[in-house]
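Asks: Mind looking over this structure? Questions follow.
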Amino acid sequence: MRAVHLLALGAGLAAASPALANESVLKGVANPAEQVLQTVDYANTRYSKLDQINASNVKNLQVAWTFSTGVLRGHEGSPLVVGNIMYVHTPFPNIVYALDLDQGAKIVWKYEPKQDPSVIPVMCCDTVNRGLAYADGAILLHQADTTLVSLDAKSGKVNWSVKNGDPSKGETNTATVLPVKDKVIVGISGGEFGVQCHVTAYDLKSGKKVWRGYSIGPDDQLIVDPEKTTSLGKPIGKDSSLKTWEGDQWKTGGGCTWGWFSYDPKLDLMYYGSGNPSTWNPKQRPGDNKWSMTIWARNPDTGMAKWVYQMTPHDEWDFDGINEMILTDQKFDGKDRPLLTHFDRNGFGYTLDRATGEVLVAEKFDPVVNWATKVDLDKGSKTYGRPLVVSKYSTEQNGEDVNSKGICPAALGTKDQQPAAFSPKTGLFYVPTNHVCMDYEPFRVTYTPGQPYVGATLSMYPAPGSHGGMGNFIAWDNLQGKIKWSNPEQFSAWGGALATAGDVVFYGTLEGFLKAVDSKTGKELYKFKTPSGIIGNVMTYEHKGKQHVAVLSGVGGWAGIGLAAGLTDPNAGLGAVGGYAALSSYTNLGGQLTVFSLPNN
């Protein structure tokens, strides 16, 4: 069996590295009865050591209790559990509930921010929020209007709040946050509004801004060292971003940071991805558009970037690079390596050395991916590290006002933000995917602050010549770059996965099923239809010696935007309304937490 180790899961790491991470987070991460981060641990593995529910008995799961959030539209993320309190969040208006598990989920406190509803039409792809984080006795929430709030975990009282962006300029938030040491790290949304996007660190106790690093712009705004920050093993050089944009286009260049963050306490580096360049019309922005579509490794104290890797230079398809970075220590080619595995929207599964940024593996995790033949990993090649684009599917080469047809994947990617999971018992990654292709027609657009800056019309449909569905749930070998097994889904698998020590992997489906599969074989062991489509992430916790599994249901997100927002034009929702029109025959709006456990006997 391959030697595989997890980061930030055990108490031993906390003891070994007391100065390199937040002690309260490490304590919570080391206790599988709780969940203090949306990602389960700093390494983003979404793996639980709980094994009371296992492959033999998961078929006996029953609904233990439910809770209505009182809010409709897309429910992403998951609850947190700290001690006997469960913390539940909602999409806009981002209500937070504290539920006492010792008292039948009694509401202990409720926080309901007063946000201007004008932020709703500025949010891309539904009014979702990917959840809370816990650190140092505080619940951290990044609201839709970009207000970052620290709440007292016991009372719900506001400790402090700070505004991270300006919705009138198109800046909003849908993401969770990452507490690291004495800081909290947050991103920003707005790539469809021409926002120059960034990552920001705030002081955990006061909310004071410590540093801000942009994805695009001059070196001082990027927080890079032209001689020490590297890409593919070489210094990036002076003005590495500016040289790849025409004139001042970088000022409206996007590269937003609305995905997930991970952190390696040993290397003292945080990892995340930057999103698409603005506009979606590639003809309007010549050049590689650095550093959009990029994996970043930064020091959390200073923001200084150690290395960057751009996955999709001069993006022509909206293949946002924001998906999670999963950190593992594994043997690669016989040597122990600190690895980073990333399943990108562009359809390639990447394995990198997270210390150096070296790309070790880049393979398609859906065989229908056709926009590029491969990623060139020949270090002697002029195109080293770049995808080799197929001309037929190049919206740049085909030109403005030309409909490029049959591009796979669609803009929402082979996987969007819905997070994968990793099991150290199998050494496999469990990935909820989209099996969707598109037609893409770019057109010229003018930038106006606070107005959509998209410049493309899309239509989406199931991948042709396949099983007819729009998704798969797969197991992936990140060392070989191969699919080990694949389960077809009727719609995109839009719920985040959870792997457990009980040899069970959980995930949710757009039509509302919670599913449990065998981690080794993929065999379906259990499913239950919840009241609405699942785009949330499955979580597990232990209360009074009993393991529970919980998931939020509430259809929405990009794939479910037609239902969530009541849209009927097939081209609306950037093409998703037509692509997922059949979803309305299987589910409807909702907002519910469903909690499962085994029978008492």
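In case you wondered, yes, glycine gets a Cβ from its N, Cα and C as well.
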Asks: Please pick, from GLU192, GLU227, GLU396, GLU400, the residue that Swiss-Prot records in the La(3+) site together with ASN276, ASP318, ASP320.
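Replies: Answer per Swiss-Prot: GLU192.
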Asks: Which one of TRP258, TRP280 goes with ARG130, THR174, SER189, GLY190, GLY191, ARG345, TRP494, TRP558 at the pyrroloquinoline quinone site, as Swiss-Prot has it?
Replies: TRP258
Asks: Near ASN276 (La(3+) binding site), which recorded positions out of CYS125, SER189, GLY191, CYS256, CYS408, TRP558 have their CA within 10 Å?
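Replies: So the list is GLY191, CYS256.
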Asks: If you count Cβ atoms within 10 Å of each one, which of the binding-site residues ARG130, ARG345 comes out on top?
Replies: ARG345
Asks: For the La(3+) site given as GLU192, ASN276, ASP318, ASP320, which other residues of the same chain have their Cβ within 8 Å of the site's Cβ centre?
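Replies: Everything else in range on the chain: GLY191, GLY254, CYS256, GLY275, SER278, TRP280, ASP315, PHE319, ALA411.
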Asks: Please report the three-state DSSP label of ASN276 (La(3+) binding site).
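Replies: Coil, per DSSP.
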Asks: Between the Cα atoms of TRP558 (pyrroloquinoline quinone binding site) and ASP318 (La(3+) binding site), find the distance and write it as a whole number of Å.
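Replies: So the alpha carbons of TRP558 (pyrroloquinoline quinone binding site) and ASP318 (La(3+) binding site) sit roughly 13 Å from each other.
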Asks: Quick check for you: of the recorded positions CYS124, CYS125, CYS197, CYS256, ASP320, which have their Cα within 10 Å of the Cα of SER189 (pyrroloquinoline quinone binding site)?
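Replies: Qualifying among CYS124, CYS125, CYS197, CYS256, ASP320: CYS124, CYS197, CYS256.
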